[in-house]
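K.L.:
Let me begin by handing over the structure; questions about it come next.
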Amino acid sequence: MPLGRRVAASDDLEVSAYLEIAQGIEAEAPGSSRQVNEGIAVIDFGSQYSHLIARRVRELKVYSEIANPSDTWEKALVHQLGGTVTRGTKQEFGHATLHQDSPSAGWGLPGGRPPLFHELPPSFQVWMSHGDRVEMLPAGFSSLAFTENSPVAAIGNGRDMFGLQFHPEVNHTPLGTEILENFLFRICGCEGSWTPGNVASDAIARIREQVGDGSVICALSGGVDSAVTAALLHRAIGDQLTCIFVNNGLLRLEEAERVQATFRRGMGLNLSYVDASERFVTRLAGVTDPETKRKVIGEEFIRVFEEAATGLGEVEFLAQGTLYPDVIESEAPANAPAGSALSARIKTHHNVGGLPENMKLQLVEPLRYLFKDEVRDVGLELGLPPDMVYRQPFPGPGLAIRVIGEVTLEKLEMLRACDWIVIDEIKGADLYDRVWQSFAVLSDSRTVGVQGDYRTYGYVCAIRCVTSEDAMTADWVRLPYEVLARISSRIVNEVPGVNRVVYDITSKPPGTIEWE
Ligand SMILES: Nc1ncnc2c1ncn2[C@@H]1O[C@H](COP(=O)(O)OP(=O)(O)OP(=O)(O)O)[C@@H](O)[C@H]1O
């Protein structure tokens, strides 16, 4: 059995990393013919760069995870290893003495240094750091390299220390990619075999292992996350999976038809389509407050979903498209420093708001350790249409939070038509894939206009188009005037009831991407 190789990168203000050649650790993904045996742990001490570092490492085809300094080593790196990790005898590790200003020193945890540092495995090899100043090396360690600003950094079982001035936005560091490649492949000896194909085949093997011959349901929205989840499950267990797709009346033009065409006719998936549009619109009558809208839609969704699931007989599992950022957020310790990736938790994200509680279903979450762009790569690997894989994000409460004020059938129809025109023109200008989101909002303001010889009194439609990396911040797109002109002219001419178009030039913060 080959050695499980584990590597860890600790992130402070810039980057620190550990390498561990895990002697005595055998790790195997159950049910998989392939052994996943290397990974980088990015230890998050509160830097906003932790996610970025993990992603850069993954882009070089080496699996990486964000570890919490208060985790144990077992917890920090077992996830991708399929859960079966046996390790040799643990040995207390001599600590490096960190300079008191070092980001890793202290961190407000009892005993000063986080547990992860008390439990370094005996085979621990290299620690790469920029932010830490190590004043006293543990016994048996020597300094390998350092930069001016990073007097010492790196510990090894060889035992080496390795220091590096590195900005995780590799484009901003001269030779950034090369530095990271050197670290991963030459110093840590990684293989770089973490590819979408391998990720998909591992996920499929694990699903089979977990589900056996049980039945699984999956709520399919047509968004990337649930689409890739469903595609993986379908590959893994075929007809043991049933997807439920709810038309809540708040979908975009032709969305219901598109989802059915892709999954039922295209993939041959068991798809239960529930048209509950009237129920949702009726429940929303008179509701104007954005939070109440979300709550009403969430509750109604659960009711509809439960009713649909009841008709399916015995079901043991619920598949969900939970992504890695959601996992990191929900595992963030309460004392994580403000501004860190761990604490960046603007609003709690609950997939299908608490569904499993009373349904007593076990969760299947094959995307739990993937970032969004990786989910897209897996989706393409599985043959999902690029249109679906690169679809811009669409909110769960759908068009209800883009109709400002009360949601009515008439307003939904207007908004659907405006939205269609915006997407059509943005695609026509070859901008769809280059912006984060582009959509229309129907305000509840009406203004006076003239059309032909008549005075009109119609609604104001706002256009929103933003760029963003991760939806945490966003900037409005400087759309070419000609594109804005075409959108405006088409909307006022083609959508009855709308007689004015405005463009939203607010960034996030202080605005949000959606209006409600
Ligand atoms: N109309 C719907 N029909 C069935 N399931 C839905 C519907 N809307 C949302 N869901 C379920 O709720 C989950 C969370 O929805 P949300 O709108 O927050 O999207 P998301 O997390 O971006 O995921 P996705 O990319 O799958 O839409 C979805 O992944 C899906 O399982």
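We count from 1, first residue shown onward.
Backbone N, Cα and C define each Cβ position, glycine as well.
Not my notes, these are from TrEMBL:
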DOMAIN    194-391  domain 'GMPS ATP-PPase'
BINDING   Ser221, Gly222, Gly223, Val224, Asp225, Ser226, Ala227  ATP binding site
K.L.:
Take the mean position of the Cβ atoms of Ser221, Gly222, Gly223, Val224, Asp225, Ser226, Ala227, the recorded ATP site. Which other residues of that chain put their Cβ within 8 Å of it?
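P.N.:
In sequence order, the nearby non-listed residues are Leu220, Val228, Thr229, Gly321, Met388, Arg391.
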K.L.:
Around the C-beta of Gly223 (ATP binding site), how many further C-beta atoms are within 10 angstroms, looking at every protein chain?
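P.N.:
The Cβ of Gly223 (ATP binding site) has 18 Cβ neighbours within 10 Å.
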K.L.:
Around Ser221 (ATP binding site), which residues of its chain at least 6 apart sit with Cβ under 8 Å of its Cβ?
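P.N.:
Once residues fewer than 6 apart are set aside, Ser221 (ATP binding site) is near Ala227, Phe245, Phe394, Gly396.
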K.L.:
Of all the binding-site residues given, Gly222, Val224, Asp225, Ser226, Ala227, which residue's CB has the most CB neighbours within 10 A?
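P.N.:
When each Cβ's neighbours within 10 Å are tallied, Ala227 leads.
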K.L.:
What three-state class does DSSP give Gly222 (ATP binding site)?
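P.N.:
Coil, per DSSP.
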K.L.:
On the 0 to 100 scale, where does the mean pLDDT of the domain 'GMPS ATP-PPase' (194-391) fall?
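P.N.:
It averages 85.
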